[in-house]
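Under the heading oxalate binding site, TrEMBL lists N76, H81. The Mn(2+) binding site annotation in TrEMBL covers H79, H81, H125. The feature domain 'Cupin type-1' is assigned by TrEMBL to 40-179.
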Amino acid sequence: MITSLCVSLRVNGFACKPTATVSEADFSYAGLATAGDTNSTVVGSKASAATVEKIPGLNTLGISMARVDYAPGGVNPPHTHSRATGIAFVLEGTLEVGFITTANKLISKTISAGEVFVFPRGLVHFQRNTGTTPAAALAAFNSQLPGTQSLALTLFTASPAVPEDVLEKAFQIGSNEVDKIKDRLHPK
């Protein structure tokens, strides 16, 4: 049987729901309507995702979205999306955005409300609110589950931990600095 819908309970690869049980709730989500609490993070930004985990109807469709809210000076720290290219649309404010190519070249630009910037799949990228007022952006991805990996969190809060000597050599810092970074980043 060929069907135009494959609504999953979780992610791609799970069995599709019977068509008779699919509803509008599988295709809608209000989680991007409200600004994220940028005061609840140490970096001054809050991302809210609308992926297949929140919208089961995205299963097999290859798309998703996110909203990122930024306090003045807030940063969406360097991270990657291993499964998706992204495009950011600034709703309000001004953001410095950029990614680093595999040739180690920074491609960066300041964008304002109404402008877009593309982040190629798998490349390390970031955004920073350069303004004195809050900023917000919508991101679209060509994957139902883009996968987000924040570099600092990945390296300094992994479980089990990345060996300290690896971090010391990679960042040319001592064990005290490694411990300080871990203490600041590790969820309390």
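Placed from the backbone N, Cα and C atoms, the Cβ positions cover glycine too.
Nobody curates TrEMBL annotations by hand; they come from automatic prediction.
If you take every residue in the domain 'Cupin type-1' (40-179) and average the pLDDT, you get 96. Applying DSSP to the domain 'Cupin type-1' (40-179) sorts its residues as follows: 23 helix, 58 strand, 59 coil.
The Cβ of H79 (Mn(2+) binding site) has 19 neighbouring Cβ atoms from other residues within 10 Å, across all protein chains displayed. Residues H79, H81, H125 make up the record's Mn(2+) site, and a Cβ search at 8 Å around their centroid adds P78, T80, G86, F99, F119, L123, V124, F126, T148, Q149 from the same chain. Across the structure, H81 (oxalate binding site) and H125 (Mn(2+) binding site) place their CA atoms 9 angstrom apart.
Cβ neighbours of H125 (Mn(2+) binding site) (same chain, under 8 Å, six or more residues apart in sequence): P78, H79, T80, G86, V97, G98, F99, I100, F119.
Neighbour list (N76 (oxalate binding site), Cβ cut-off 8 Å, at least 6 residues apart, same chain): V43, S45, A47, V68, Y70, F126, Q127, R128.
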